[in-house]
Amino acid sequence: MTRVSCQQWGTVPGLGRVDLWVLESPQVKVEVLTLGAIIRSVFSRGKNGQMEDVVLGFDDLEGYLSDKRYLGAVVGRVANRIAGGRFVVDGKEYQLETNNGPNAIHGGVKGFNKALWLATEVQGGVQLSLSSPDGDQGYPGEVQVCVIYTLQGETLTAEYQARSNRTTPINITNHSYFNLAGQAAADVYDHQVSICAQSFLPVDETSIPTGETRAVQGTPFDLRDPVLIGARLKELPGPGFDHNFCLSFPSDPWMERHAARVCHPASGRVLEVSTSQPGVQFYTANFLDGSVQGKGGTKYRKHGAFCLETQNWPDAVNQVCFFSNTLKAAEVQIHRVFACLFRPPFLTVSFVPVRSITTSLASLSPPSDPCHPLRDC
């Protein structure tokens, strides 16, 4: 049985009331804000039986209003970067405001993460809806977006839906920052990561894909077998991971695939990701610098968390050899996220986007060894 409650959390001038929704089962507690459809907290038990919040965030509304790092937020219309903030759809060129150096990122300065979503209670959860008008942040078409969070026992489900009245690029994801040792832990160096990808996308100096897909074998990007994040970061030439790992290619069937797995041996917590999206962005919080004060006064620092953002490949709207990320009029894009928490804790997240209303789902069970990969790549 899931208890669902709601309370006012604050007010945004010019927008209105922000509510905090709490979904609570005997095993899991999740907090969701109507601002940005933000997952503010996810509480999970460690092997010592203690509940711990494993998602970075803020204690008050002001933290989220001033946040530029998308903590816990739904980002869109287009997650990740668009080169030069420019793209062409149906023969017309569009120029977005650039908010990440020379590029546009995560939907714009006032993307979905800064919007106030309408909330309605559903069985075991909350439904959040947003209407993005034609021209919003420079994008064409009016887009209706819906996110439904439900909690049943140990399973948190998030279903994302998008529909447009004109062709527009769409690539929605969630930007939660995880630290399986607890959100106040200093870093994720003692976490083990494996990503089931044979290739990754090299990027230029502004983090835009070069158009090449490169094999991971023989590079620091080979994460097919579990490695300590801290040890592997020492082998990278840059500040850390902020790269798309290729889970499938345009010629492959559109289906769910095992994507990634992160384990924190000391706590016993595991996060596993499955997706039918063709990519996952592995990001090691390279741009947290201690200036952000989060929950409980914690100063979030470089490599203090990781993100696994399932997505279409970045800048797909400008890359002819990548998957198309355009949503045509009257089409519906749906994907679902399943977060299953076990005791001993085992955290599974499956992102299952589909090109039509039809969906395919898969269930996963906890392994006997929580730090051993569930399946081969």
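Keep in mind that glycine also has a Cβ here, set from the backbone N, Cα and C atoms.
If you check TrEMBL, you get these features:
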type     : residues                         : note
BINDING  : N80, R81, H175, S176, Y177, D242 : beta-D-galactose binding site
ACT_SITE : H175                             : active site, proton donor
ACT_SITE : E309                             : active site, proton acceptor
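DSSP gives D242 (beta-D-galactose binding site) a strand state. In this structure the residues listed as binding beta-D-galactose are N80, R81, H175, S176, Y177, D242; their two most distant Cα atoms lie 18 Å apart. The separation of E309 (active site, proton acceptor) from N80 (beta-D-galactose binding site), Cα to Cα, is 9 Å. Taking the Cα atom of each, H175 (beta-D-galactose binding site) and E309 (active site, proton acceptor) are about 6 angstrom apart.
Rounded to a whole number, the distance between the Cα atoms of E309 (active site, proton acceptor) and D242 (beta-D-galactose binding site) is 10 Å. Local packing around the binding-site residues R81, H175 was summarised as the count of other Cβ atoms within 10 Å of each Cβ; on this measure the leading residue is R81. Looking at D242, E309, the recorded positions in this record, the fewest other C-beta atoms within 10 angstroms of the C-beta turn up around D242. Shown are the binding-site residues N80, S176; of these, the residue with the fewest other Cβ atoms within 10 Å is S176. Counting only same-chain residues six or more apart in sequence, the Cβ atoms lying under 8 angstroms from the Cβ of Y177 (beta-D-galactose binding site) belong to V55, L56, R69, L71, G72, A285, Y300, G304, A305, F306, C307.
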